[in-house]
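Single-structure report; data block below.
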């Protein structure tokens, strides 16, 4: 019962009690004008009033106890309705109305046209009945960004009925990336969704969360309930069989991921065809200790949970996302031959700082290919040119290094 109803019931009972008291009060006033001494109320009247008070207090305590039990036992699937306030503060949601806080999403470009003629030696028409895989890739500007997206794209080019959601962690759209994604010929959406500034100074920073949240928002805005959601980082390595496996997902499917932490693997423990536990070297109280690449979700199932989201809490993104969709152990579908095969690897490219070439701007004209080449590399975020910093550009000929001015002048 709500507190408003409880207050209403208490007020109405007290009013009834006042009505019962009024005859005695008026009798006392009328007797005060006479010399005849007044008599106290009948003992049964006093007992009745006390009994009512006891019943009211007991009822209120009982309702309070029921409410506390309900709040304790009920599993709130909304991120922001968390088990403790500290955890809730990391969700990036307004605790009052569960709206995203200070998040920006901008669609740079998208295409729903599949310009690939053949996939796996079959025409597109052979695949029209397959559910679409929405492959979400968070990415961020760095020297390796374009090479890794290019490598990933040449895996995805083999997969029919796939829409690639590329979410970049920066403020402005990258025109070069727009051109690159369009050139691949598969359906895609390119969006920018920078991490809110309040989380950027955290160590470790919740990298990729704003991008995945942006993709979830895009799916929600398009009312997509038919298809499969998969979070695929740009530096992972994917077996083509993975996509056939996750396309069969009815609710939530799971499978092991290779090269994770100390064990070299993270994934479900399966007995008699059912997931019963998890193997992972970092549990840390997580109900679902799995890697982001180790599960897929059916959009029809996810649509049952309007508060689905992902928290800004490093290490707990997967766990709290899966909690937000009400996942239970008996709903998990093991894939990869009962989780005995590795279909995705958590490979990581060694990152280096932005390259720097010291070269006067006058040599970046059309006298050689270097002007256009270095311009393209700058657009990719791989290297940059400067006239005052970095190592002076050397050009070799016949095994000998020469100042660039000697060759280009």
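The first residue you see is number 1, and the count goes up from there.
Backbone N, Cα and C define each Cβ position, glycine as well.
According to Swiss-Prot, of the candidate residues 12, 26, 85, 89, the site noted as phosphoserine is 12. Range 54-73 is the one annotated as transmembrane segment, of 54-73, 94-113 (source: Swiss-Prot). Scan Swiss-Prot for N-linked glycosylation site across 34, 223 and the hit is 223. Residue with Swiss-Prot feature phosphoserine, selected from 9, 125, 384, 396: 9. Between the stretches 1-45, 136-180, Swiss-Prot puts its region 'Disordered' entry on 1-45. Here the region 'Disordered' (389-409) has Cβ contacts under 8 Å with residues 356-360, 363, 367-368, 370 of the same chain, all six or more residues outside its ends.
DSSP classifies residue 223 (N-linked glycosylation site) as coil under the three-state reduction. Cα of residue 338 (N-linked glycosylation site) to Cα of residue 235 (Mn(2+) binding site): a span of 25 Å. Around residue 223 (N-linked glycosylation site), a 10 Å sphere centred on its CB holds 8 further CB atoms from the protein chains shown.
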